[in-house]
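Here TrEMBL flags 6-28, 49-68, 74-96, 108-133 as transmembrane segment. Under the heading domain 'Cytochrome c', TrEMBL lists 155-238.
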């Protein structure tokens, strides 16, 4: 299971907890007649809130770890996702502080709760939602390509070197086998097994590693078949 898939699965439960917390809050504060008792609704709201906050902390840890690994190669979408997530955390902390210590501002809690709920959807959409959409699109594109039975493109080592510099250089050495952020790639296709994943060292497994990476390596499902061929042509020269 790739890092992004694992984080996206956690994000689904995170969003589900946010929905439960929002529904119970609306039921408590917006309904005069309720089918469920106030005590049960409060317990559900509190429990879903704990799950929401816990998953937010866990997912934030993995995001920060990924940011530290990628460095200045992070995308604009990821920066937006990070800013929105930080805003969500700040508003959530303010909301909890008001509930616990500053009760004179309790009138603001429902509004802050709805802001947290809306931000949860936006944060989910800019990360897990994007990942699932991109993965589905890549599979559809792969299916279309297989149906047309086109011959595999010929790779250009020169173009692959430029692509490697923009996508991979911050995490991998090319002139040694020692690890940087990820493993060194010298002689990568001459070894018996790939580092970390321990899959047999082959072109197909490198393609698989790019699409469904092992551990914390980011996924590159957005790369075209030509770009992958160029990248592999470059790896053959190492």
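Each residue's number is its place along the chain shown, starting with 1.
Just so it is clear, glycine is given a Cβ too, placed from its N, Cα and C backbone atoms.
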Same-chain residue ranges lying at least 6 outside the transmembrane segment (6-28) that approach it to Cβ under 8 Å: 34, 36, 38, 41-42, 44-45, 48-49, 51-52, 55-56, 58-59, 62-63, 110, 113-114, 116-117, 120-121, 124, 127-128, 131-132
DSSP-derived helix, strand and coil totals, residue by residue, for the domain 'Cytochrome c' (155-238): 31 helix, 2 strand, 51 coil
